[in-house]
Amino acid sequence: MKNKTRNLVVALLATMSLGISLGVQAADNVQSLRGRDVAAPELDPGGYVVPKDHAPTARDYVQQPPLIPHKVEGYEVSTNFNKCMDCHSWTRYRETGATKVSLTHFKDRDGKELSNISPRRYFCSQCHVPQTDAPTLVDNTFKKAEGLR
Amino acid sequence: MSYDNNRGGLWGRLRGAGLGLVLLVFVAGILFWGGFNTAMEWTNREAFCISCHEMEANVYQEYRNTIHFSNRSGVRATCPDCHVPKDWTHKIIRKIQASKELWHHFLGTVDTPEKFNGKRLQLAQNEWARMKATDSRECRNCHNFEYFDYSIQGRRSTRMHQDGFSEGKTCIDCHKGIAHSLPAVEQDIGSDKGGAAPEVFHPTEEKPAGAQN
């Protein structure tokens, strides 16, 4: 009985110390998204330019969320107001000449049809993004989907 | 001869006194007017506006992120450029109306961000109505649409500006919330926010009859 307790305590201690040392090691390996130490100087932001407003860009792959063909700097998307929906909603697109939101956005997560855009689609820029003139990060041989060429 | 002399003397003295009085009133007038105008202009500065924490902690912080505060060429529009008319008559009327704002400052009507946001819809609607009534006069102090060059405007602005002007719209009809955060605006996404109604946010009354939307 006594031995059992001692063994348990030893095992527990061993597990804990291993856990701590692994944790420390893991912390050493963690690299922030920024890729630098907090105290290190900022990375060069690149100064990439968002192209001027242009006609909608064709899709490159099936089910690609259409890209934003204009600047979105300073556009408010908050609990009070969604700037995107001020032009792209079904009540506004005729007046503004914007592309209207896809009807797929009117479904809730259970596939039930709603009478307007589902709140889960509220944050447009989670999927729809503008482009800049930045070069590709890695060389690649990407080709447009066959049916979209 | 002596009668003439007497009259000339009296007239001369009167004239001297009258001229002196006129001169005194004239100089006093200059000093008063100069002092009054200097004092009024002293209140027409960004530094004066944000000396009240209601302005400094709320609307000023929002404005700091916008193009009217900071931009590539450094030409700024400060608080009074948009919120106080430039010409004297309208300026003095606005300044007298602003005494109400002083009253509410001392009452503490919007002295916390929560209270300010609670009033934001009403405050914004007041300002939209004022801009609408003056055909966005304060915008047009700097932005004169007669001199717009549509060949160098963006695709969207070229279209929307020309459509808007032909429908008789004014700047504020579309350009709301350009320098401060908007109040809740009803866009019918999810539950009712109790915000500004669509017809308030996008006034439609000037549209020609039979137009769509």
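For all residues, glycine too, the Cβ spot is worked out from N, Cα and C.
Per TrEMBL, the feature signal peptide maps to A:1-26.
Taken from TrEMBL, the feature heme c 1 binding site covers A:His70, A:Cys84, A:Cys87, A:His88. All protein chains shown were included, and the count of other CB atoms within 10 Å of the CB of A:Cys87 (heme c 1 binding site) stands at 17.
For A:His128 (heme c 2 binding site), the same-chain residues lying six or more positions away in sequence with a CB closer than 8 A to its CB are A:Pro65, A:Pro66, A:Leu67, A:Ile68, A:Cys84. Taken from TrEMBL, the feature heme c 2 binding site covers A:His105, A:Cys124, A:Cys127, A:His128.
Listed binding-site residues (A:His70, A:Cys84, A:His105) with a CB under 8 Å from any chain B CB: A:His70. Taking Cβ-Cβ distances under 8 Å and a sequence gap of 6 or more within the same chain, the neighbours of A:Cys124 (heme c 2 binding site) are A:Val77, A:Asn82, A:Cys84, A:Met85, A:His88. The secondary structure of A:His128 (heme c 2 binding site), as reduced to three states from DSSP, is coil rather than helix or strand. Listed in sequence order, A:Asp53, A:His54, A:Pro130 are the same-chain residues at least 6 apart in sequence whose CB falls under 8 Å from the CB of A:His70 (heme c 1 binding site). Of the listed binding-site residues, namely A:His88, A:His105, the sparsest Cβ surroundings within 10 Å are found at A:His105. Neighbour counts of Cβ atoms within 10 Å were compared across the binding-site residues A:Cys84, A:Cys127; the minimum falls on A:Cys127.
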